[in-house]
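Q: Pasting the feature list from TrEMBL:
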TRANSMEM  72-93  transmembrane segment
TRANSMEM  113-135  transmembrane segment
TRANSMEM  156-175  transmembrane segment
TRANSMEM  187-206  transmembrane segment
TRANSMEM  226-243  transmembrane segment
TRANSMEM  249-269  transmembrane segment
TRANSMEM  290-312  transmembrane segment
TRANSMEM  318-337  transmembrane segment
TRANSMEM  349-366  transmembrane segment
TRANSMEM  378-400  transmembrane segment
Amino acid sequence: HRSPMEAREEAKAAAMQAAKNEHIKNHLTRGLSQDVLITRLEGPELEDAADERLLNCGKDAVAPNSPIDVPFLLRFPATFFGMVLGTTSQSVVWLNISESPVFFGDWGGVASAIHWMVWVSGLILLLTITVTYAMKAFWWWGAVLREIHHPFRVNFLFGPLIGTMFLANGTPLAISDRTAEEPNRTPQSLAIVVMTIQLIGELYVYREWIFSEGLSIRNNNPSFQIAVVGNFVGATMLTRAGFSRVAQFFWSVGVLFWLLLFISLFQSISKEARRDSNGRRADIWRFPSTAHPTLFLFIAAPSAAGTAWAAVSSFDDTSIFFASVALFIAMFMLTNIRILVKTPFTVSWWAYTFPIGAISIVYTRYAESLNADGFLKYFAFLLSLFSSFMVLMVFLNTVFRVYSADWTVNPDTGKVQNPGLFHIDPVIEICLHKLSKAIVVRSHDD
């Protein structure tokens with residue numbers, strides 16, 4: 001039997017839930033009339049971020065129920081830089097396929113032609129996404145600040161830097177500073193500028209881990225490894241530019257924070273038990289299902305570390321250690337692939353592409369170090385082709401999702417039929433004011 005106090009508490013909770021549902025319904029069905037957009041940091045990307053957004057609009061504003069009511073730049077999140085990582089890493093993959101002595105030659109010039117196409121495509125995509133996001137920073141700086149202070153989004157802001165590193169490491173011989181006698185040349189000025197920005201970004205992120213509540217290491221997630229990967233890819237680029245000692249510095253810092261993240265993430269990414277509003281036990285992930293593809297970044301960091309050490313020193317036991325760790329994690333991910341592929345397609349699927357490319361690169365270096373002509377040679381070659389296949393499939397799916405979007409609102413549910421990839425950003429609270437004609441974006445401190 002329940003006590004009168006328990007009965008009153010349950011009735012109060014039920015009334016509050018009913019009021020919340022009615023509030024959301026009213027906001028979804030109310031007509032939209034104005035354009036004041038107010039951004040607000042929601043913290044980690046929670047599954048119910050959309051509901052929270054609707055509840056925080058206030059009495060003088062309503063939430064948009066169609067992406068067409070929101071400017072395009074506010075629907076262009078930093079996670080699109082994940083596309084840059086996947087495509088630019090292929091420039092190194094196809095450089096290996098076309099020039100590595102352990103593979104099958106240039107296929108009569110076909111491999112070199114594909115390498116050129118991949119490199120140019122990566123460069124165009126890098127410039128397009130970077131310029132678009134720069135426009136977002138110019139017009140909607142408050143929204144960009146939300147992503148800078150967001151524990152998931154901020155890590156993707158390293159994407160243009162790492163993409164530049166990959167393009168530098170995979171530049172075709174005809175347009176690079178390298179020659180047949182010096183095949184590892186990279187412009188020193190480029191290496192200095194890129195790694196200076198990388199260092200500044202890392203100092204900011206690591207400082208926030210300690211002193212910030214929003215970006216604290218307590219809010220860690222697999223995307224934190226992107227900055228660490230930048231250290232390793234950058235170390236390879238620095239070695240090619242002739243800065244081997246500086247490369248060792250970045251490699252050492254990368255290993256230090258990779259170990260810290262690896263231990264911390266494995267302790268925290270598992271499901272945890274919580275109770276819903278009805279008191280039922282439910283096992284949920286600490287981060288939303290749309291971010292599950294970023295688990296593949298566990299493969300990328302040790303793969304890039306092994307490749308970087310091979311460039312800084314040689315492919316010795318240290319590189320073999322990292323390559324072995326990467327292979328085991330890849331095998332572990334494959335055993336759980338059924339869980340991962342259930343994730344609805346979003347831009348985060350690009351996180352599947354870059355790590356596979358990274359592990360194919362490190363095993364190509366492994367095969368080269370042994371001058372292998374057996375299993376290792378074919379394994380590295382098939383990994384390289386598979387990584388390209390993954391990039392192609394995810395790219396085609398991305399294009400399909402963009403062109404198949406249907407932004408009409410279902411009158412029964414109040415929801416958009418098919419928002420596609422450029423949906424209303426759940427991290428940035430967007431409210432349409434009903435009175436004012438001005439467009440306002442609050443800064444992070446407002």
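Cβ atoms here come from the backbone N, Cα and C positions, even for glycine.
Remember, TrEMBL labels are computer predictions, not curated facts.
Quick one: where do these features end up spatially?
A: Within its own chain, the transmembrane segment (72-93) has Cβ neighbours under 8 Å at 37, 39, 115, 118-119, 121-123, 125-126, 129-130, 132-133, 135-136, 139-140, 143, 147, 152-154, 156-160, 162-164, 166-167, 169-171, 226, 347-348, 350-351, 353-354, 357-358, 360-361, 384, 387-388, 391, 394-395, 398, 422-425, 427-428, 430, counting only residues six or more beyond its boundaries.
With a threshold of 8 Å between CB atoms, the same-chain residues lying at least 6 positions outside the transmembrane segment (113-135) that come near it are 73, 76, 78, 80-81, 83-84, 87-88, 90-91, 93-95, 97-98, 144, 159-160, 163-164, 166-167, 170-172, 388.
Nonlocal intrachain contacts for the transmembrane segment (249-269), taken as residues 6+ away from its ends with a CB within less than 8 angstroms of a stretch CB, comprise 195, 198-199, 202, 206, 217, 220-222, 224-225, 227-232, 234-235, 238, 285-287, 295, 298, 301-302, 305, 308-309, 312.
Distant neighbours of the transmembrane segment (378-400): 83, 86-87, 89-90, 93-94, 96-97, 102-104, 118, 345, 347, 349-350, 352-353, 356-357, 359-361, 363-364, 366-367, 421; these residues of the same chain sit at least 6 beyond its ends, with a Cβ under 8 Å from one of its Cβ atoms.
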Q: Any residues 6+ beyond the ends of the transmembrane segment (318-337) with a Cβ under 8 Å from its own?
A: 295-296, 298-299, 302-303, 305-307, 309-310, 355, 358-359, 362-363, 365-366, 369
Q: Under 8 Å between C-beta atoms and at least six residues away from its ends: which parts of the chain pack against the transmembrane segment (349-366)?
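A: Answer is 82-83, 85-87, 89-90, 92-93, 96, 100, 102-103, 229, 293-300, 303-304, 306-307, 310, 315, 319-320, 322-323, 326-327, 330, 343, 372, 376, 379-380, 383-384, 386-387, 390-391, 394, 397-398.
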Q: Quickly jot the same-chain residues contacting the transmembrane segment (226-243) by Cβ under 8 Å, restricted to those at least six beyond its ends, or write none.
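A: Cβ under 8 Å, 6 or more out: 85, 155-156, 158-159, 161-162, 165-166, 168-169, 178, 184-188, 190-191, 194-195, 198, 201-202, 205, 250-251, 253-254, 257-258, 261, 297, 300-301, 304-305, 307-308, 311-312, 358.
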